[in-house]
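Worksheet: one structure, shown below.
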Amino acid sequence: MKIVQSEILIARHFRKSIFKNPAIYIITAFIGILLLYAAFTGWDNYKSQNETSEKYQHESREDWLKNPDKNPHRMAHYGNFAFRKSTPLSVFEFGMEPFFGNAIFLEAHKQNTANFSEAGFSNSMLRFGEISIAMVLQVLLPLLIFFLGFNAIAYERENGTLKILLTQGINWKQLLIGKTLGIASVIMLLFVPTIIVLVLVWLFLQNFSITADETVKMLLFILFHLAYLLFFCVIAVLVSAISKTSKKALITLIGIWLLFTVILPRTTQAIGAYIYEAPSKIQFNSDIEKDILKEGDSHNPNDPHYKAIKDSLLLVYKVDSVQQLPFNYSGFIMTEGEKISSRIYNEHLAALLKIYKKQNSFSKTVSFLNPYIAIKNLSMGLSNTDYESYIDFQKQAEDYRYAMAQKMNALQIKYISNTKSDKPKIIGKEHWAEVDEFHYEPEKIGTVLKNEIVSIISTLLWIAALFILIRIASHKLKAI
Amino acid sequence: MLSLLFKNFIRSKGTKIGLLFLLCIGFISLLIGKQFQDKQEKSIQEATIYQKEHIARNAAFHKDEIGLLLYYIKFSLVNNTFPINSLAIGQRDVNPSIQNVTIRGLEGQKYDTELNNPNNLLSGNIDFSFVLVYLFPLLIIAFSYNVISEEKESGTWKIVATQSQNTFKYILQLFYVRILSLIALFTVLLFTAVLFLNIPLDQSFFVFFGIGILYILFWFVVCFFIVSLQMHSNVNAVSLLTIWLFLIIIVPAGINAFIVNKYKIPEALELTITQRNAYHEKWDTDKNETMEKFYKHYPQFRTYKLDEKAEFTWLWYYAMQQMGDDESAVQSKELETKLEQRNRTSELIAQFIPTLHTQIQLNEIAKSDLHNQLLFLKKTTQFHEKLRLHFYPKIFKNEAVDQQKWENYKVETFKDATEISFLKAFMPLLLFIFVLIGFGWRNFNRLAA
């Protein structure tokens, strides 16, 4: 019991000394303002993003249903839209959102790109980074921790007070833990209010009707950030303890911060992108076109693939021309064509995504060396603003597109006359409602955790490493 | 004296490591620039080959109907990539440098994006401009935060002060040595780039060079100012890093958030929906109404009349497609205006933030900024219109496919000829430099007196 008391005493004392510096009030006030600004812009962004995307999703759905009686293939070309929606946590962590396309036009035969990303409409300013709560928590607070903590032990050593402390029965472990708690208690003055505001905003955004999934994500978001910040408190104290002078401690800590938050994230990703070069869009598209032609061209009456289908159909139904078939032949051929072209597209896409995955593997692995990347990946995963979420959005959109196109083909096969009659080749508008509205379902917590398993393991390892480091340090450190 | 100072500076282990680190990462940035350049060149070559094959294949296939053929074939317009672009990739990784369009409605094709790994975009490129804008200042700070203060703390300052007649001159010499070595490093890197990336030594290059030098000087002047306050080394280091953090991350990010929120662009989504509906609803409305609108836009095509008996004609089809663009023109214009406003506002604000200003100017020189992208979009519209005017009469007359010289339709290139304004490029940086030197000088004089 007595041991804990002396640690708290050290913590309290250190905290007092931190508050003796008037600069701390300015910095705290400033970071507070920044957090509010970040919360406000995040909220504003989230609201306008979701409002517009909901508005147009709804509008385009109404337009779809309002279409008069017509040929189902016309409807397949009329198409639908997939608009991307954000999750509540993305108010705090923008992640890759600015680089995501916000709308995909979904039509028959063709996989369109996700267009209108924020980045495409921005000046290079965006590339300097964004102010979000996550950025403040992950980038600025660690630096603040370093600024507060570089003095922790090095200053006592410079002053000669370290020896006095150690001779008065305080051991190294108590000193390290006490100082860490001291910094942590100052940081908590920023962290706790932030989390309270965060939770309130988060509740408010969902009108206080929260799902279990969102709650777990939120809790993990808070927990991981807490662990992350504590980690930096320990690092600050340890570096301060091994440095001869406070200046050396400061410079080392600044170096660590720069390496973790600025240099490593960029370089590792750049190395990945340099080694695994992705194909250009032109190449990607022309490869797909070539493969589709190889497989068979549905427009070509003499194409062997489609001729074989035709011959077998004629044989089964015992007729001599496609006009005599009991169903719409061109609808049948389009179904086949769509099946082939989407299969080929998906194969090429899978190959492309594999390259991307390899590119990302570098920075993912580096999370074992860099806690910043670990927490960044985790928080992006939890807020569904990471790479996997985007790919998932595109996949959901493509699945919807395929289902829609094939539904229209099925309607054509079933209802459109096969002969050259005078009857107009149209079907009733009531069929349009048979295609459901596009609804994007963000990845659930289970999937997120599975995707980010590397980051989770590395965060756990980092925490374990800290305990070990404190243990080793308390045995090896010397007063001078 | 100067050579001694230089020896003293260069002999320190920290200096050597710092310079070597910057040199290495500088070379890496050139490698990345080279890869970018090669990829761009390859894409353009591929586009040329692809367009030729693509047109030939389709022309052989749809030989009976030119209207149907032009439904399929795509024509490419390339946004010319200058070699200097490899030094400042800017927005060229987000935005495609090649547009592929059919003569159908443009608005649905104009904003198609490049294939991208969002992870790469998020972390950003390590191009030369990154090394200059982000990393050079860090080294400058590391080299100069403890000028004087270190000597004061170790007690050698009094010796210096008594031994030299003019301590201010001594301080200037200390800075002179540091400035010279970093400018030398910058020059070496940039001229390596010239050889490695085949950058022509033209006006653009020298403005790039000039901005780089001024930017380096700017950071030295910031350090000079902080040092002139004569505080403890630790305080200097913390202050300088905080300034760096502000100028590199916080202020640009704050301004970006401001601009994005001020000029929101729901028009983008509105545009796509309007464009789709405007075209598709024409299938179910009166043909003559559509044609009347079309003739109003292109009176020269009034002579081509609709065949009343035919259920479908290409004249009607392309008139419908045209309506998609015509009826979404308002939204398209609004989007364009908003984007121009975004660009103007950010350039205006950037003049007061040296880091932002430098980055935006470098991108402007390299033709990789938003302005270039907007010009390219405009040019795409013109290119598309030219194709339409060329092919419309051919389609309406149903000219024979094999009578056309398809091999003559080559990939076209847009060259951004925006002039560089010296005043706009250099003035803001020069002003900051002079003001800070003035303040620093005043501080030194006041404290010396």
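Just so you know, glycine gets a Cβ as well, placed from its N, Cα and C.
What TrEMBL records for A:134-263 is domain 'ABC-2 type transporter transmembrane'.
Long-range contacts of the transmembrane segment (A:21-40) within the same chain, counting only residues at least 6 positions beyond its ends with a Cβ under 8 Å from a Cβ of the stretch, are 91-92, 131-133, 135-136, 140-141, 144, 147-148, 186, 189-190, 193-194, 197-198, 201. Sequence annotations record features per position, and here TrEMBL assigns transmembrane segment to A:21-40 (among others).
If you look up TrEMBL, you'll see A:131-155 (among others) marked as transmembrane segment.
Residues or ranges marked as transmembrane segment in TrEMBL: A:176-205 (among others). Under 8 Å from some Cβ of the transmembrane segment (A:176-205) lie the Cβ atoms of residues 6-15, 18-19, 24, 28, 31-32, 35-36, 39, 43, 46, 88-89, 91-92, 133, 136-137, 141, 144-145, 148-149, 152-153, 218, 222, 225-226, 229-230, 233-234, 236-238, 240-241, 470, 473-474, all in the same chain and six or more residues away from its ends.
Here TrEMBL flags A:217-242 (among others) as transmembrane segment.
Among residues of the same chain six or more beyond the transmembrane segment (A:249-276), those with a C-beta under 8 A of the stretch's C-beta atoms are 138-139, 142-143, 146, 149-151, 154, 235-236, 239-240, 243, 355, 358-363, 366, 369-373, 376. Marked as transmembrane segment by TrEMBL: A:249-276 (among others).
Annotation source TrEMBL lists transmembrane segment at A:453-473 (among others).
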Outside the transmembrane segment (A:131-155), six or more residues from its ends: residues with CB under 8 Å to it: 14, 18, 24, 27, 31, 34-35, 37-39, 41-42, 91-95, 162, 175-176, 179, 182-183, 186-187, 190-191, 194, 198, 225, 228-229, 232-233, 236-237, 239-241, 243-246, 248-250, 253-254, 256-257, 260-261, 372, 375-376, 379, 383
Residue counts (helix, strand, coil, in that order) that DSSP gives for the domain 'ABC-2 type transporter transmembrane' (A:134-263): 112 helix, 0 strand, 18 coil
